[in-house]
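Below is one structure, written out as structure tokens; comments come after it.
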Number of protein chains: 2
Amino acid sequence: MSVTAAKGFTAAGIAAGIKDGGKPDLALVVNTGPRRAAAGVFTSNRVKAAPVLWSQQVLADGELTAVVLNSGGANACTGPQGFQDTHATAEKVAEVLETGAGEVAVASTGLIGVTLPMDRLLPGIEKAAAELSGYGGEKAAIAIKTTDTVHKTAVAARDGWTVGGMAKGAGMLAPGLATMLVVLTTDADLDAAVLDRALRDATRVTFDRVDSDGCMSTNDTVLLLASGASGTAPEYADFAAAVREVCDDLGRQLIGDAEGASKDIKVEVINAATEEDAVEVGRSIARNNLLKCALHGEDPNWGRVLSAIGTTSAAFEPDALNVAINGVWVCKGGSIGDDRDLVDMRYREVRITADLAAGSATATIWTNDLTADYVHENSAYSS
Amino acid sequence: MSVTAAKGFTAAGIAAGIKDGGKPDLALVVNTGPRRAAAGVFTSNRVKAAPVLWSQQVLADGELTAVVLNSGGANACTGPQGFQDTHATAEKVAEVLETGAGEVAVASTGLIGVTLPMDRLLPGIEKAAAELSGYGGEKAAIAIKTTDTVHKTAVAARDGWTVGGMAKGAGMLAPGLATMLVVLTTDADLDAAVLDRALRDATRVTFDRVDSDGCMSTNDTVLLLASGASGTAPEYADFAAAVREVCDDLGRQLIGDAEGASKDIKVEVINAATEEDAVEVGRSIARNNLLKCALHGEDPNWGRVLSAIGTTSAAFEPDALNVAINGVWVCKGGSIGDDRDLVDMRYREVRITADLAAGSATATIWTNDLTADYVHENSAYSS
């Protein structure tokens with residue numbers, strides 16, 4: 001599974017000593033070819049970590065041989081030293097793999113504003129390279145965890161070719177809670193332009209619609225590497241569907257493991273004038289702290305849904321809005337609808353349906369509730 | 001103090017039985033003249049409660065004789081019935097005061113999506129009218145509390161004239177946490193146009209820059225009534241300064257009493273290209289849940305400040321940003337600055353200074369931390 005599900009990839013995950021306590025903290029993913037096409041999407045935060053700036057640069061030619069990822073430090077807001085450290089990391093990987101640094105993407109996650117312990121990271125790369133194997137995908141997925149309670153992998157196997165991947169984090173591409181790092185691999189025989197299109201089409205409706213806490217990371221990175229090792233070049237639609245399936249699966253796993261969450265919340269916006277309106281409304285609902293607290297308390301507080309919709313610029317008439325929680329239309333025509341006591345909130349998944357009565361566009365945003373555990377986890381993170 | 005500090009006003013606060021347990025829940029403020037000029041600003045939420053729609057309408061002529069306010073129910077998202085209830089409330093006040101309903105503003109706060117118990121509210125108005133007095137300001141301030149732990153009043157006394165007021169809520173005008181209701185009164189002899197200008201000038205830099213949890217209410221209302229009873233017409237600048245002083249004082253009290261908060265956080269943005277940029281950056285910092293959790297944990301996590309700045313469209317260069325927490329410049333040039341261990345976070349007030357190095361505009365936004373108590377309070381609110 002994971003990044004080694006597709007043919008033409010090896011991976012490893014080891015403990016380099018970046019994190020305290022001997023926990024795995026360094027992952028290496030290598031494309032053994034024959035093809036080395038690649039695409040990436042990155043955080044839209046204007047404050048970008050050194051590894052993001054680096055990886056954007058090396059991806060310009062649509063080729064990657066390897067990705068090195070570390071947890072235990074984001075290497076963000078670390079100035080020229082941080083960029084030098086990222087560069088040195090890529091150089092070291094290039095040296096042990098006998099390739100060029102321009103073929104190596106770097107991703108980091110952890111605390112912002114702290115430089116990486118290069119005296120431990122660089123020897124770690126040699127150790128990881130020595131452990132590379134076609135079965136190393138799971139170890140790699142484990143090594144990139146930060147506050148994740150489980151490692152996250154997914155695979156879409158098709159006739160003759162495969163897309164697989166791993167993810168860490170509890171959030172989204174833009175914006176994101178903590179950092180989201182994703183590496184996807186495929187043995188399909190496709191060029192970088194096709195990978196780029198499929199990756200953007202997929203992230204737009206998956207990771208971009210996962211909104212755990214509205215906070216955007218400096219480090220979010222999603223990479224897709226193709227080895228061509230299957231010798232098969234699938235149709236675009238089939239390939240795009242497989243990439244989307246893996247992204248969707250990983251995105252749901254991210255929300256399911258969001259920091260402190262006790263509810264997975266699916267916000268469906270229907271009958272919007274445009275898809276942009278639907279996304280804006282869905283995001284506004286998904287980011288409303290008061291609503292997220294209410295859902296944590298299993299309180300079907302639809303007034304907070306309406307109040308969130310009212311802050312958007314989407315097309316709607318306030319007295320035409322309908323809202324259902326877990327299928328019960330508790331708000332009809334902008335006013336009191338069916339009995340809120342009919343709403344069963346005992347299960348982890350909560351479904352909010354917002355009907356804008358303004359058209360036929362829809363969008364779904366996934367989020368989670370706001371809990372005391374989230375506060376505890378994030379108030380003690382760096383101490 | 002409160003709304004009866006200025007001459008020409010009476011007020012009362014009583015328990016009408018809207019709330020359970022006999023708590024005060026109905027306030028009446030009456031302008032006894034000779035002048036009855038008034039101005040108001042209201043929530044920018046497009047889903048507006050019935051009393052907001054009503055009060056905007058009656059204020060169109062710049063005159064008000066009375067304001068009736070209830071806690072225990074927001075009368076928002078209650079459809080035509082809700083508007084009829086607001087109308088009936090104003091009619092009842094008009095009847096007991098022998099004026100017209102078009103002279104009566106109505107404000108409500110409490111749970112959204114529940115109709116008001118008119119059989120208790122209307123008799124409550126008669127009871128409140130019987131208790132009106134020139135010393136009733138404090139009782140009125142107490143009667144509009146919802147989750148407020150203290151009632152909030154302020155006064156600016158000048159030579160021969162006065163501005164006073166009361167507030168409830170723990171948030172801001174737009175957006176706002178829970179509902180903010182504010183009634184300001186003055187005995188200055190000024191017309192509605194001057195009141196309107198002074199009120200807008202003041203709220204723009206006070207209530208509009210208090211951002212507790214980024215959530216915007218359906219009911220936020222700020223009213224300013226002038227009786228002219230002092231016989232004095234102050235200069236605009238003097239009057240505007242007094243209104244701003246009272247708004248600033250009440251705004252700080254709202255943040256100081258924000259739900260579950262343990263820190264009052266002053267976000268100062270300096271050296272911005274424009275005031276709009278400074279406000280956008282300040283608001284983005286003030287709304288970052290991860291940062292608000294970190295500050296709760298007394299962790300000077302400046303990386304989360306930079307990450308929030310990076311999501312804005314303000315003019316800045318990432319490697320020119322400087323951030324101080326409680327006066328210690330922990331981030332310099334977008335990278336690691338002075339030792340974060342020098343930051344003393346033991347006190348309730350926290351000061352974050354974000355230097356955009358892009359101009360000379362400034363803005364200050366007040367917010368508070370995100371705590372487990374906030375989650376508890378808001379997950380159990382309606383149950």
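Using N, Cα and C of the backbone, Cβ positions are placed for all residues, glycine too.
Note that the structure is a prediction, hence the values are computed from the model and not measured.
What TrEMBL records for this protein:
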BINDING   B:T146, B:K168, B:T179, B:E259, B:N378, B:S383  substrate binding site
ACT_SITE  B:T179  active site, nucleophile
Check: Near chain A: which of the binding-site residues B:T146, B:K168, B:E259 have their Cβ closer than 8 Å to one of its Cβ atoms?
Finding: none
Next item on the list: Let me know the most crowded of the binding-site residues, choosing from B:T146, B:T179 and counting other Cβ atoms within 10 Å.
Entry: B:T179
Margin query: At a 10 Å cut-off from the C-beta of B:E259 (substrate binding site), count the other C-beta atoms across all protein chains.
Written below: 26
Check: Looking only at DSSP and grouping its letters into three states, which state does B:K168 (substrate binding site) belong to?
Finding: strand
